[in-house]
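Note sheet for the following structure.
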Amino acid sequence: MKYIRNFSIIAHIDHGKSTVSDRLIQACGGLSVREMSEQVLDTMELERERGITIKAQSVAINYTSKKGKNFCLNFIDTPGHVNFAYEVSRSLSACEGALLIIDSTQSVQAQTVANCHSALRMKLSILPVLNKIDLPNSQPDRVCRDIENIIGISTKNIVCCSAKTGQGIPELLEKIITVIPAPIGIEDNPLQALVIDSWFDKYFGVVLLIRIKNGFIMVKDKILVIRTKKIYKVDQLGVFTPKRIFKKSLFCGEVGWIICGIKNISSIQVGETITSFKNPSFKMLSSFKKIKPKIYAGIFPIKNHQYNQLKQALNKLQLNDSSLFYEFDNSQALGFGFRCGFLGMLHMEIIQSRLEREYNIEVILTAPTVIYEIILKKNKKKIYLDNLEKFPKKNLIQEIREPIALCNILTPTKYIGEIINLCIKKRGIQINLVYHDKTTVIQYEIPLSEVISNFFDQLKSISSGYASLEYNFIGFKKSDLVKIDILINSTKIIALSSICHKKNSIFIAKKIIEKIKTIIPRHQFNVPIQAAIENNIISRTTIQQLRKNVLSKCYGGDISRKKKLLQKQKKGKKRMKTFGNINLPQEIFFSVLKIDQ
C-alpha cells in the first residue's frame, strides 16, 4: 500500500488539466501511441465539442520511479467549470492529494481558489503545477506570488511543465510520489469502501466506482450497503487504465470499479458506504456534502408520447449525475413533463444536449428560476417555491425573500471600476476588496437570480475574459419583488413568467415583450403581447398581421364587390384570432433570462 498514490487533478476551465492527464498516461504507458488521442479522458462527444471536462474520470497507471520502485498512481481528472464543483468534491473524497494546475499565462482563477480550499479542508496534500510555460507570455514568478498570496499555500514543491510539449512531465511524476502521501488503511480490517461515482451501462447495469478505505474485495464476494441494508454479489471488478481492465480483487487504498448486477439505478447512491456481508463494519465513512440545485426549470417533451422515454432518460442521467434533481410537473401550456434542478446554466444546457443526442428526445426548457422563500400572512407559514406556476396571489403574501450568493471575483486591477459598476447594477452589496500585486479579489453579495442570468457573460465581456467568478448560496434576504406575467394573444403563458425587483419591473417588462416580438413569427392576424403584474397591464406591443391582397383579382367593377371581399376577410381574421394557435419557438423561453436588468 505504500506504493499507491491517490490524487485528483483540479484546475480552472481551460488551464490544461485534461492535456496533463494525457501526458501522464502516455509517460506511464497507459495507452500506446496509436490509441492516444487529444483529451483521451473526455469520452463524451459534448466534452470534446465544447473542450471542457463534464464528468470526473478515474485512471490507474503504473509508474517506475528513478530509484526503480513500482508505484500505482490512481488519479481523477475533474471538471473546472463552476457548475461542476460537485464532481470535484466527490473526487477529492477519494484522494490523499491533489495536483493544482494553473495556467502560467493567466494566473490563479476564482474556481481554482474554491477547489483548493475544499481540498485543504479535507486535509489533502497540494502539489502546485504551472502549465503552459512554453508560451512567450508565461509569467511563472508572478503566478507563484499569486498562489502564495491568494490561495495561501507554499510553492516550494512547485513543478513547471508544458503539457503540450511534454516538458516537465518526468519531474512531475517524481514529485507526485514524494509530495503526495500513501493511503492509510488496514488490509486485515473489515471491508469499508466509499462509492465515489456510478453510471449505467446498458450491458452490465449499474457500475460503481469505489475507493477501498479498509480491507479488500474479491469477485463473488457478498457486499452490504450500510444505509439501505441491501446485499449484492460482486460479479466483476477492475480498474481503468483508461481502458477497462478486469481483476480478481481490489485491496486497501485502491480505486476501482465493481459490477454487482444492480438494475435499479436508484438502489445505491453516491456517498454510500459498502462493507462485507460476512464480516461487516457498520461504521459509515465520512461522505462529502451533497450540493443542492441552484436553478430550476421545466423540461417538457415536444412530442407528448415521449413522456415515458423522457422519464427513463432523466432516471439514467441522474445516476451518472447525482447533482441533477427532477420531479413530475404538469403545465397548462406544455402538458406533462418534469421540474428539474441544476447547478447552473451550463449544467442545464449539458443535460438538454444529452437528452437530445443520447436519447433522441426533443424537449422544451422553460425559463430557469431560483428558489424563493415566501412568508404567508396566514399563520406566518413559510414556503419555498421554484415554480412560478404555483406562486400565491399577492394578497396572501406577507413578504418574499430571495436567495443571496456570496460572489468572489478575481480580476486584473485595471478592470476593477467597471466590475464594481456591474455588481452595483445587479443590486450587489460590497463585502471585501483585497489587492494582490496586479490582481484584485472583489467580494460581493448579489441576488442569485441576477448571478444566473447574464452576469458571468457580462463579467467576461468587460474584463476581456480575464476576470473569473466563484459563488455560493449564503441565505435568503427580504426584497421588494413582483411577478411579471406574459400574455400572448390574451393567453397567459406561465412558462414565460418571471420575478424581478419592483423598481425595475416596468423597464424589464418592456424589454421582455420587445424581445418576444422579435422571436415570434408574424401570423395572419394581429398578435398582442402584454406584460402584467397581478391583473394590471404594465406594458404592451403588437406583432402586426400578414395581409393577403384579396382584391388582386378585381380589375374593376362595382365598389360594393370589393367591400364585400374586404368584409369577408375581416370576419375570417376575427375568427382566426379567436381560434388561431401561436407557435412559440424554443428560444423564447430563454429570452426572458437574457434581459439586461
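Cβ atoms are placed via backbone N, Cα and C, with glycine included.
Keep in mind that TrEMBL annotations are predicted by a computer and have not been checked by a curator.
Per TrEMBL, these features apply:
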type	residues	note
BINDING	ASP14, HIS15, GLY16, LYS17, SER18, THR19, ASN131, LYS132, ILE133, ASP134	GTP binding site
DOMAIN	2-184	domain 'Tr-type G'
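Binding residues for GTP (ASP14, HIS15, GLY16, LYS17, SER18, THR19, ASN131, LYS132, ILE133, ASP134) extend across at most 17 Å, taking the greatest CA-CA distance.
Reduced to three states, the DSSP call for GLY16 (GTP binding site) is coil. Sequence-distant contacts of ASN131 (GTP binding site), defined by Cβ-Cβ distance under 8 angstroms and a gap of at least six in the same chain, are ALA11, HIS15, GLY16, THR19, VAL20, ILE101, ILE102, ASP103, SER104, CYS161, SER162, ALA163. Summarising model confidence by region, the domain 'Tr-type G' (2-184) averages a pLDDT of 79. If you take the C-beta of ILE133 (GTP binding site) and look for same-chain residues 6 or more apart in sequence within under 8 angstroms, you find SER104, PRO140, CYS160, CYS161, SER162, GLN167, GLY168. Residue with the densest Cβ environment among the binding-site residues ASP14, GLY16, SER18: SER18, by other Cβ atoms within 10 Å.
DSSP assigns ILE133 (GTP binding site) to coil, not to a helix or a strand.
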